[in-house]
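What TrEMBL says about this one:
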- B:30-53: transmembrane segment (TRANSMEM)
- B:H39, B:H80, B:H130, B:H168: heme b binding site (BINDING)
- B:65-85: transmembrane segment (TRANSMEM)
- B:111-135: transmembrane segment (TRANSMEM)
- B:155-177: transmembrane segment (TRANSMEM)
- B:198-218: transmembrane segment (TRANSMEM)
Amino acid sequence: MSRTLTFNIFRFNPQDPDSRPHQEVFTLDETESMTLFIALNRIRAEQDPSLQFDFCCRAGICGACAMVINGRPGLACRTKTRDLPDEITLLPLPAFKLVADLSVDTGTWFRQMYQKVESWIHTDKEFDPHAQEERMDNALAEEIYELDRCIECGCCVAACGTAIMREDFLGAVALNRLARFILDPRDERTTQAYFDLVGTDEGIFGCMGLLACEDVCPKQIPLQEQLGKLRRKMALAAVNHMLPKFLKPLD
Amino acid sequence: MSNSAVSTKNSALPPKTSAYLDWLQMLSGAALIIFMWTHLCLVSSVIISPAVMDAIAWFFEATGLVYVFGPGIFLIFLLHFVLAARKIPWVTRQQTAMWDNAKRMQHQDTWLWIVQAGTAMVILIMGAAHIWVVLTDLPITAAKSAARIQGGAWLVYYLVLLPLVELHVGIGFYRIAVKWGFLSRARRKGFHAKENMLTIIMISIGVVTLARFMFLTIH
C-alpha cells in the first residue's frame, strides 16, 4: 500500500513585500521510485504553481536541485522518497542568497569563489590551438578527475558549521578546487602561491574538521582526505624555512 | 562567503600567522593529550599500591621535574585555550547559527565539536582550580590526595571533571587525526570507534582510581 507523504516546505519570496517566511504543508500519494524532484514537480503541477525550486539535469549532474532535506543538504533528484519518513521537511540551502522558496543563488557565490582561489590553470606557456594536447599520466589524470567530479551543488558549504558561522570561510568546495590545481602539472603555481590563496583562517586553517562536507557530498568527493592533505601541505609550507635541509619537503 | 569578504590575500594578519597559530593549536593539544593520558596512568598507580604512587611522586619531586612540568603544563593549558578559542563563536549570531546547524543536521562530528567547545569552558575553570590546589600543596602524596577525595566535595568535583576531560581529550585526538590528514576515509569510522573505547577505558580507570582514594586508609 502506498504511503501518503506530508511535505513541510519553506515558502518565502524576498522580492514580494507581502511575503513572510513560513512553512506550507502539502500531501501527496507516494508512487514507485518517486524522487523528491518528481514529488516537487507534482506539487507544483497539481497543487501550487507558485512553488519555486531549481532543477535542470534530473540525474545528479548539474547540482541545481540541492536543498535541505529533513535537516541535511542533498540533491532532490537523487533522493528517493522511500528512503525518507512519511513527513518530509524541505528548506533552502543556508549560506547562499535566497531567490525564493527552495531556490537559492549558488552562482554568485561560486563565481566569487573561483576568483578567490584563482580557479584556472596558471601558465606562461603560449597556447597553440593547433598542437596536440599535452599527454598526462593516466593515474594522475584519474586523480585529478576524482576531484573534478564536483558538481558545485553547494551541499558541503550548506552543511559546514564554520561556513554558516563565518561568511568569509572558503568552504570545502573551494579547498577541493585548489587541491585539483595543485595536482595538475600544467599549473605552474608554486606552493607559496597556493599558500597565499588559502593559507589563512578564511582558508584551510579556518577548517575545524567537522567533516559534514565529507558526509553530505552527493558525489562522495574525498573531501576529508583532500582537506587533510591541503592542511599538511600549507602548514609545512609555512615552516619550510625553519626545517633542516634533509627535512624540507618543498626543496 | 559574502560579497564584501572575498579576499584572503588581503588579510590584515602577517602572511603566516594563521599557519603558525594552527601549528601551535595542534601541538599544544597533542602535548596535553599525551600529558593527560600519562597523568592518568601515574595517578592510577595508586590502584596497585599507594607506595607505588608515592614513589613516582617522589621521583618527580626529587628530580625537580614537578616544578618544571607543573607550571609548564599550566601555561600550555592556557595557551591551548586561547588558541582554540579563536574558533569558538563568541557572538550570539554565530552561536545561534552553529547550534541551529547542529540541531538541523543531527551530524555526529558537528555535535562532537560542540561537546568539545562546551567541555573546554568547564575544564578551563575546573582544571585551573585543580592545578592550583595540587601545585600549592607539594609534594604530591597518595595520603594527601585521599584526604582531599574523602572530604566529599572534591570527589563530586573530580567525578564531573574526569569525564569532561576524557571526552575533550578523546574528541581532540580524533579531530587532530582527521584535520591533519592522518586518517583515510576508510579508516575514519574504525578509528572513531577505537577512540570511543579508549575514552570509556580512561574514564573507567579514573573512576576506579577515585574509588581507591575514597577507601584508602590514611595513616
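Here the Cβ of each residue, glycine as well, is placed from N, Cα and C on the backbone.
Given the structure is predicted, the values throughout are model-derived calculations rather than measurements.
Maximum C-alpha to C-alpha distance over the listed heme b-binding residues B:H39, B:H80, B:H130, B:H168 is 18 Å. The binding-site residues under consideration are B:H39, B:H80, B:H130, B:H168. Their Cβ neighbour counts within 10 Å are lowest for B:H39. Apart from B:H39, B:H80, B:H130, B:H168, the residues listed for heme b, the same chain places the Cβ atoms of B:L32, B:F35, B:M36, B:F77, B:I123, B:G127, B:V165, B:V169 within 8 Å of the centroid of those Cβ atoms.
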